[in-house]
Amino acid sequence: MHSNELESYLTELLKPQQIKDFTPNGLQIQGCDEIKKIVTGVTASKALIDKAIAEQADAILVHHGYFWKNESYVIRGMKHDRIKALLVNDINLFAYHLPLDIHPTLGNNAQLAKLFNIVDVEPLEVGNPLSVAMKGGFEQPCSGESFTQLINSTLERECLHIAAPSNKPIKTIAWCSGGGQGYIELAAEQGIDAFLTGEVSEQTTHIAHEMDIHFFAAGHHATERYGIKALGEHLAEKHGLDVIFVDIDNPV
């Protein structure tokens, strides 16, 4: 598959033009023309690049790529080493950030809903079909403790649970993969019982306590494994590409 053809297909599938982002989405670094083997992962770290080189991959497809807003234009040090490794080995780098978070079936949030059997899924931001944060519910209410255990076993990491002072059962939940802790107030204002995301901030504890909402921080990396993995599996099935998902462990 030609790299231009792959980018065109991903543009059609993920529609990056629909949402304003903090980084360019699509082909960020050009490599070889013909793509047969792809390594997917959460972040285009040097460890992932080294794995792609070892696998003799033609392309890397990630959620977190390069060239972020307000990032220095200077290419030196770590940035130089990463980009040089890609160019020397003729490896394409494709990255899709918010478009992959919000995709209705392959996205990070859609995959989390699938993992945790969340039903009646809809945007948390009312009237915004491109809302990064989502909300839904469980067919059977659960306790904060039991949901913590489910997160730990499903994502294979220990999450942080800040319990609602009332310790109410969880019937409704809002969530946002990655660093979505800023949406907790919006969830609480809508009377939602719990909020799940990847990261936590200092003020999150106070918000959870004062607005009586369960809060779960399950890891930025851990909550964003599943979109890129699903996207790679889709490409393998749809286009017959050899796709390998590489999970570079990250406790954050």
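Using the three backbone atoms N, Cα and C, a Cβ is placed for every residue, glycine included.
Summary of the site annotation: TrEMBL records divalent metal cation 1 binding at Asp101, His220, Glu224. Screening the candidates His2, His63, His161 against this entry identifies His63 as the one listed for that site.
Less than 8 angstroms from the CB of Glu224 (divalent metal cation 1 binding site) sit Val42, His63, His64, Asp101, Asn108, Ser177, Gly178, Gly198, each of them six or more residues away in the same chain. Look at His64 (divalent metal cation 2 binding site): DSSP puts it in a strand. The DSSP secondary structure for His220 (divalent metal cation 1 binding site) is helix.
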